[in-house]
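Asks: Questions regarding the structure given below will be posed in turn.
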């Protein structure tokens with residue numbers, strides 16, 4: 001999965017997919033009542049990027065729906081996964097469940113079109129704080145009470161705080177999550193970070209009793225760091241330059257071993273050689 005980083009304006013969806021992304025990451029900010037408000041990152045952000053592009057969240061979802069609904073004039077067949085980077089740092093811990101409920105209702109209405117031929121992409125809810133694990137239950141509860149529990153089949157999870165792998169496993173246990181787990185690891189492209197924790201996450205993914213289904217590394221902008229991440233066995237790389245990742249995947253060393261994921265590749269299934 002080539003994951004376009006910080007896609008917060010509707011026009012950027014086309015831009016990143018046309019560069020080779022089959023997945024995008026979008027920032028979601030919340031207001032003081034835990035309503036998802038804007039697709040917005042703010043400063044500071046990655047080096048070489050504009051940090052301040054934004055859209056009202058529900059409007060962005062409508063644009064995203066068009067980009068992932070077959071038959072729509074804006075449809076991109078290869079855009080198959082969306083990671084919502086949930087900026088829950090502005091919320092109190094006891095608002096996490098409410099944030100999940102409100103997020104689910106926004107998605108149900110504006111992205112899934114109330115279950116009637118909405119967008120088809122798989123969705124990852126990426127949560128920065130382990131203490132906010134109740135967001136997951138709130139999300140599920142809202143979809144169930146609105147009569148669409150089947151949409152949970154399209155939803156996965158990520159705790160993005162680079163916490164100890166054991167602590168992350170524990171948070172999922174408390175959240176009642178078994179499966180659909182992506183594990184991120186990374187740091188802004190302005191700084192360097194080793195691959196030690198990525199290797200631990202990959203080892204957990206490949207063990208018989210691990211909780212992780214997929215591992216992605218961020219933010220990967222250079223050819224060499226792409227090669228290093230692929231050599232470590234990641235399933236996805238988040239990048240500001242999807243064309244760089246696509247180029248490396250075309251190199252003979254990687255062509256035989258990796259391919260770009262399509263809609264038929266289940267993002268919740270651990271890949272077995």
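Glycine is no exception: its Cβ is also placed from the backbone N, Cα and C atoms.
This is the feature table in Swiss-Prot:
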type	residues	note
ACT_SITE	5	active site
BINDING	25, 27, 85	Mg(2+) binding site
ACT_SITE	41	active site, nucleophile
DISULFID	45-51	disulfide bond
DISULFID	47-190	disulfide bond
CARBOHYD	250	N-linked glycosylation site
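Explain the structural surroundings of these features, please.
Replies: A simple way to gauge crowding: the CB of residue 5 (active site) has 29 other CB atoms within 10 angstroms, across all the protein chains here.
Look at residue 85 (Mg(2+) binding site): DSSP puts it in a strand.
Shown in sequence order, 6, 8, 27, 51, 52, 53 are the residues of the chain, 6+ apart in sequence, with a C-beta less than 8 angstroms from the C-beta of residue 41 (active site, nucleophile). Classification of residue 41 (active site, nucleophile) by DSSP places it in coil, neither helical nor stranded.
Under DSSP, residue 51 (disulfide bond) is assigned to coil, being neither helix nor strand in the three-state scheme.
Residue 190 (disulfide bond) falls outside any helix or strand according to DSSP and counts as coil.
Residue 250 (N-linked glycosylation site) carries neither a helix nor a strand DSSP state and counts as coil. Residue 250 (N-linked glycosylation site) has a Cβ environment of 10 other Cβ atoms inside 10 Å.
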Asks: So how many other Cβ atoms are close to residue 47 (disulfide bond), meaning within 10 Å of its Cβ?
Replies: 12
Asks: Considering only the recorded positions 45, 190, 250, which residue has the minimal Cα-Cα separation from residue 25 (Mg(2+) binding site)?
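Replies: Nearest listed residue in space: 45.
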Asks: When the number of other CB atoms within 10 A of each residue's CB is tallied over all shown chains, which of the disulfide-bonded residues 45, 51, 190 has the maximum?
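Replies: The residue with the densest Cβ neighbourhood is 45.
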